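Q: Feature annotation from TrEMBL assigns domain 'Dihydrodipicolinate reductase N-terminal' to 1-125. Here TrEMBL flags G7, A8, A9, G10, R11, M12, G97, T98, T99, S122, G123, N124, M125 as NAD(+) binding site. Marked as domain 'Dihydrodipicolinate reductase C-terminal' by TrEMBL: 128-265. If you look up TrEMBL, you'll see H156 marked as active site, proton donor/acceptor. Sequence annotations record features per position, and here TrEMBL assigns (S)-2,3,4,5-tetrahydrodipicolinate binding site to H157, G166, T167. Annotation source TrEMBL lists active site, proton donor at K160.
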Amino acid sequence: MKLVVLGAAGRMGRTLVKVIAETEGASLHAALAREGSASIGADAGIIAGIGASDVAISSDVDRALQGADGIVDFTAPAISLAFAEKAAERRLVHVIGTTGFQAEQDSAIASAAKAGATIVKSGNMSLGVNLLAVLVEQAAEALGPDTFDIEVLEMHHRHKVDAPSGTALLLGAAAAKGRGVALEDAAVKVRDGITGAREAGTIGFATLRGGSVVGEHSVILAGEGERINLSHAAGDRAIFARGAVKAALWAGGKPAGLYSMRDVLGLS
Ligand SMILES: NC(=O)C1=CN([C@@H]2O[C@H](COP(=O)(O)OP(=O)(O)OC[C@H]3O[C@@H](n4cnc5c(N)ncnc54)[C@H](OP(=O)(O)O)[C@@H]3O)[C@@H](O)[C@H]2O)C=CC1
Ligand SMILES: O=C(O)C1=N[C@H](C(=O)O)C[C@H](O)C1
């Protein structure tokens, strides 16, 4: 499967170039970066630290997409949206790992999937987090809002620009599903000042940022006299890149539509 990596000089872009080189059935077709980026013209493999790949990083989108089977995209919401529309026009696979979408951007991505793109989108592409989401859903269903409160805690590196993380929202959505409510109605994303006592049934979020932390998430179910912690710690960005490349291979040949990592991993 011939893959185009977006944001090829970014943290995830570099990791993807490396993982694609290690994955049977996947090849690096093109590597894109923002126009004017210092990485333009450099070999994507050299930038990724794996030696020459013979693919130069470019900003020529039309040329990159010519002959490609899929796009793997960990960039920024506006970029992912623009590429979802291109994927729809060209009937391509589009794996979206980008986080931080507004609700209307999510709707536009769903429209691109209806218009012809085969999109796999997830706030976390790792096997571990997607399994954790299944466990959170089960726990939330079993432990009702009158006896257990749910809080989602996350920590990431100092460069992260969105909050709560895509994973925290994914885990919050799993908890909400388990409780039979919509996350938009239950979420408390910020607390400051005299907040009043905790409202039963809400799902709280707490965000920490610092250093080089790849990604740590805990869902805490707190009851009277007991507490359950369901946690995941990412030690290496390769877990996300491997999941994304697996998703691209899985999506090749699937009908257009919007899929999740739970679909890819058979955890739905
Ligand atoms: N779903 C998952 O499993 C995971 C998701 N992520 C998400 O992936 C995204 C990227 O993370 P990360 O790799 O750490 O971030 P980086 O900032 O390291 O990389 C982002 C890349 O996207 C490029 N980019 C950003 N804006 C534009 C633009 N307007 N035009 C073209 N290129 C652009 C950047 O280019 P430039 O440097 O020139 O700005 C950069 O190369 C984030 O949303 C993050 O939350 C991260 C890890 C796992
Ligand atoms: O920005 C990151 O780094 C990560 N982003 C994703 C998120 O927002 O949850 C996934 C992972 O935790 C790393």
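Note that Cβ sites are derived from N, Cα and C of the backbone, with glycine treated the same way.
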Q: Relative to the Cα of T167 ((S)-2,3,4,5-tetrahydrodipicolinate binding site), which of the recorded positions G7, R11, G123, K160 has the closest Cα?
A: G123
Q: If you count other C-beta atoms within 10 angstroms, which of the binding-site residues A9, M125 is the most crowded?
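A: Its Cβ has the most other Cβ atoms within 10 Å: M125.
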Q: Between C-alpha atoms, which of these binding-site residues comes nearest to H157 ((S)-2,3,4,5-tetrahydrodipicolinate binding site): A9, R11, T99?
A: R11
Q: How would DSSP class R11 (NAD(+) binding site) in three states?
A: helix
Q: Where the distance is taken from Cα to Cα, which of the recorded positions H156, K160, G166 turns out closest to T99 (NAD(+) binding site)?
A: G166
Q: Roughly how many angstrom lie between the C-alpha atoms of A9 (NAD(+) binding site) and the residue listed as 'active site, proton donor'?
A: 16
Q: If you take the centroid of the Cβ atoms of H157, G166, T167, the listed (S)-2,3,4,5-tetrahydrodipicolinate site, which other residues of that chain have their Cβ within 8 Å of it?
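A: Those within range, site residues removed, are T99, G123, N124, E154, H156, K160, D162, S165, A168, G215, H217.
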Q: Could you tell me which of these recorded positions, R11, H156, H157, K160, has the greatest number of Cβ atoms within 10 Å of its own Cβ?
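A: Output for this query is H156.
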Q: Any idea what DSSP makes of T99 (NAD(+) binding site), helix, strand or coil?
A: coil
Q: At its widest, how many Å does the recorded NAD(+) site span between Cα atoms of G7, A8, A9, G10, R11, M12, G97, T98, T99, S122, G123, N124, M125?
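A: The NAD(+)-binding residues span at most 21 Å between Cα atoms.
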Q: DSSP on H156 (active site, proton donor/acceptor), three-state: which is it?
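A: For H156 (active site, proton donor/acceptor) - judged by DSSP and reduced to three states - the answer is strand.
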Q: Looking only at C-alpha atoms, tell me how far G166 ((S)-2,3,4,5-tetrahydrodipicolinate binding site) is from G7 (NAD(+) binding site), rounded to the nearest Å.
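A: Answer for this pair: 18 Å between alpha carbons.
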Q: I need the most crowded of these binding-site residues: G97, G166. Count other C-beta atoms within 10 angstroms of each C-beta and give me the top one.
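A: Ranked by Cβ atoms within 10 Å, first place goes to G97.
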Q: Is it possible to list how many residues within the domain 'Dihydrodipicolinate reductase N-terminal' (1-125) are helical, extended or coil according to DSSP?
A: 48 helix, 26 strand, 51 coil
